[in-house]
């Protein structure tokens, strides 16, 4: 994908941050305009995260202009907002490949650029890492500076506050920038507040502030008066008391789209000692009206025509598994007022929009707080309700102790609806749902189900919802269902699989939605095909029957082979001293990079052709 860089004459001068810092300051507003247009041009042609980057253009330019990156270390939280950062740090001509197989990584990635200090993808990690990096820089003694950029959503997570509490204790020299795009620029973000921010961040004020503390430290009444006077002045326009109490010097809020004002404030703050906190207000989707009006829809986009202002509509074909879940949720809630649904900031992605509108008093979005979500569900279960935690596989990892300690040990009936299980595609290593079967299978009392199609998914959700002897989990993939008929809901027998096809020497034991591919292989090789359904408890009787009547077994799953469902089958056979050969097909022992689901399954041998080739090579 090529771009006519002549349309962006100022941006064309910037292939690195060193070149950026050679530009006269007066040219930076023009650079910001061109950078925003370039981002629109590139993402609309290739797809990617969009609205967040539009909102951080001025901040990105200002940070790289003021700080000596990559010597100074700039850390982005999550990374959705880092496309302008990639464009300014030598990757401008490759931005059209982002999120594609072999292209730029969707998030800041250490292996991609020296400018990407921390590999990210999950939220709220930046401040913790930043403290460690700042402490290391202090010990290095080369005056290397550390900056963390975190959004208003990510900063609500407990990990961010744990980190800030620690920073207030050990007081490293670092800057945390809060990119607050929750609302349009407030009344406080005007000339007075910007002037106050520059005044309070200036060297004169800081020197007087610290000097006064030392002089009057032995005179408590005067020291307390100075503290209260400062708080009163700042409190007239500053909502930063919480961050001050955590030990940060708080500045803001300031206009995050005033690049020259940001540069002045950042220059003032750059040499201040101790933990600093700059609160900026931005508009998500800034500069592209459709994204400003609907930043959720334009958060991540497919290819689209920017002149139309509309994203392409889906073809209206098969429903996604997320929609299957959402429809089941509404159907069940209408019949049972004990149902409570919980999501950690994934309402749209998890298919819960309709439920949140129909049953607002039974819908809980706990924000980016996976640990809290799970233990909150435990409390609801103790109170006699039926909680369902709708969560992506990759994010459930963040609440593992809560699943084990707060739910499973107490045998509480919490249902986990695990979306995005298996290969997710363009978001790459940080978002693949590769490990949930492995990390859940070892938990006592856990029931784990792997549907092979949307009808089975509904039946399993129903089964898990009515299972009262402990927690249960249903895992299903990103993407569309297969188009089978939906039958009336009924409970499945726990721990029982079903034979889908009878063959001869080989039996394929399938776990989950790779069933269509497994069926093609079974037909080609005249193999028996089993829908195992349950990863825990396993259908040991059926496994032993297959071992006794076949010369070899193959297990198929879209989870890490290590510790996954296939490993469970191996354990059953060894426990019963059955010397039947077993081939485990699943995700290999490395972090799977980005690419479409189809591309990655083909590369990993998880499509029908790949599975058949693996089996034939193994049998040869």
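Cβ coordinates are placed from backbone N, Cα and C, and glycine is handled just like the others.
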Swiss-Prot annotation, thiamine diphosphate site containing 80, 121, 122, 123, 153, 154, 181, 288 - matching residue among 370, 445, 454: 370
Cβ neighbours of residue 181 (thiamine diphosphate binding site) where a neighbour is any other Cβ within 10 Å: 24
Maximal Cα-Cα distance (Å) across residues annotated as binding thiamine diphosphate, namely 80, 121, 122, 123, 153, 154, 181, 288, 370: 32
Binding-site residues: 152, 370 - member with fewest neighbouring CB atoms within 10 Å: 152
